[in-house]
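Here's the structure, in C-alpha cells; my notes come after.
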Amino acid sequence: MRRISIFGATGSVGANGVDLIRRAGGADAYDVVALTGGRNIARLATMARELRADIAVTAHDDLLDDLRDALSGSGVEAASGAVALRDAAARPADWILSAIVGAAGLVPGLTALAQGGVLALANKESLVCAGPLIHAAAARGGATVLPVDSEHSAIFQALGGDNLASVRDVTITASGGAFRDWPLERLAAATVAEASTHPNWAMGQRITIDSASMFNKAMEVIEAKEFFGLRPDQIKVLVHPESIIHAMVGHLDGGTIAHLGAPDMRHAIGYALNWPDRAPLPVAPLDLARIGSLTFREPDEARWPALRLAREVMAAGGMAGAVFNAAKEQALDDFIAGRIRFTQMAPQVETTLTRLSGQPGFANEPADLETVLAWDAAARQETAA
Ligand code: NAD
Ligand code: MG
C-alpha cells in the first residue's frame, strides 16, 4: 500500500486531499502515516481516526492534551509543535501533500524531500522563499515535486513533458478576486470580511484575501519561475473572471495549449495523487455551453500593485523572495488584525523590500534554511505595523 502523509490536513486544500483519500478507499487503500493541523483538534482527530493514521500532529503545544484526549483509544499517536511536525515529515512516506499555509510549510517540505517519494506542493510559499533549496533537496533525496496550485498543475499538464526550449510564454489566469469590479477609491475602506469572499473558489481565508489583493497571483508568478525555471519575461498574468482556463502554454510555433476545468482543487490534488496516471475524480465535467463565454482582461497594476512587486522580486533574485513572502504574511496579519488598511499592504511590503535590499547578503541566492529563516524574521520585524 502507498504510504501517504498530509501536512495541513485540516485546511482547505488538506481537507480536499483527505476527501480524495476517503473516496479512494481510505485506510483500506492507503497506509496513512501522518496528518497535521492547527487549532481544529476535533477535525484533526476525526480525520486521523477515520484514516487510521500512525500519528496526528498539532502545531500548537498548548493543544497536545486535547489532541491526546480526542485520540484516546484509537491507537493514533499524538504530538505537537514545530519539532514534531519536522519529525513527522521525516517518517517514510511515498506521497506527501504539503498544504500548510505560509512559510511554516517550508521545514516540513524540505524534510519530506530528503526521503524521496513525491511531494505534492500546495505550499507555494516554500518555492517563493526558498526555490533553490527545494530543488536541491529534491535532487539530493531523489524526490519528485509535483505542483498542486491549480495554475501550476495546469502548466505542468499543458507542458505534457514538452521541452521548455519550444515554449514562448506561459499565462496564468486570475479571477480578479473580491474587488475586481470595485471602484479604485473604495478599496481603502475594504473590510476583512469583504476581502475574505471569493467569486469562484472556496479556499482558506489568507489565500482568499491574497486573491483580492493579487498577492496570491504575485506569489504564483514567482512560483512559476521557481518551479519550471522560466524566465520572468515569459510569465504573463491574465484576468479571467470565469476561472475556467487555469493556465496556457504558448509555443514558439504559434500553438497555445490551455488547461480548462471547473474551479475545484480536487482536480489538481487528485492529479498529483494519481500521477503519472489519471484516474476518475469527483470533479464536475465542464459544460461550456452553459458557461456560454469566457472573458479576459489585462490586469490593472494600479488596482493590483502586488503584480509589479513580483516582477521586481524576480529581477532582484537572492533573498527577495523570502523577504517578499514574509513581508506579505506580516502585512496580511496586520490587515486581518485591523492595524492597517487593505491598500496599505502593498506599500508596506514594498518599503520592506527597499529597506532590506540594502543589507549585506540580500543579493545572494539562498544557501541554507537558516539564512532564509533569518531574512524571513527580519522582514516580518521590518514590516510589522
Ligand atoms: P488553510 O488556512 O485552509 O489551511 C492551512 C493548514 O495549515 C491548516 O491545516 C492549518 O492548521 C495549518 N497551519 C496553519 N498555520 C500553521 C503553522 N504555523 N504550522 C503548522 N501548520 C499550520 O489554507 P489553504 O487555503 O488550505 O492553503 C494551504 C496552502 O495551499 C497555502 O500555501 C495556499 O497558498 C495553497 N493553496 C491553496 C489553495 C486553496 O484552494 N485553498 C489553492 C492553491 C494553493
Ligand atoms: Mg492558484
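Just so it is clear, glycine is given a Cβ too, placed from its N, Cα and C backbone atoms.
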Site-mate of LYS124, SER150, GLU151, SER175, SER211, ASN216, LYS217, GLU220 for 1-deoxy-D-xylulose 5-phosphate in TrEMBL, selected among HIS135, HIS198:
HIS198
If TrEMBL says THR10, GLY11, SER12, VAL13, GLY38, ARG39, ASN40, ASN123, GLU125 bind NADPH, which of GLY204, GLY229, GLY250, GLY254 does it name for the same site?
GLY204
Segment-level pLDDT (mean, integer) for the domain '1-deoxy-D-xylulose 5-phosphate reductoisomerase N-terminal' (4-131):
98
Among the binding-site residues listed here (LYS124, ASN216, GLU220), which has the Cα closest to the Cα of THR10 (NADPH binding site)?
LYS124
Want to know which binding-site residues, from SER12, GLY38, ASN40, GLU125, ASP149, are within 10 Å of GLU220 (1-deoxy-D-xylulose 5-phosphate binding site) at Cα; which are they?
GLU125, ASP149
Running a distance check here. Ligand 1 versus the binding-site residues GLY38, LYS124, GLU151, HIS198, ASN216, GLU220: which have CB less than 6 Å from one of its atoms?
GLY38, LYS124
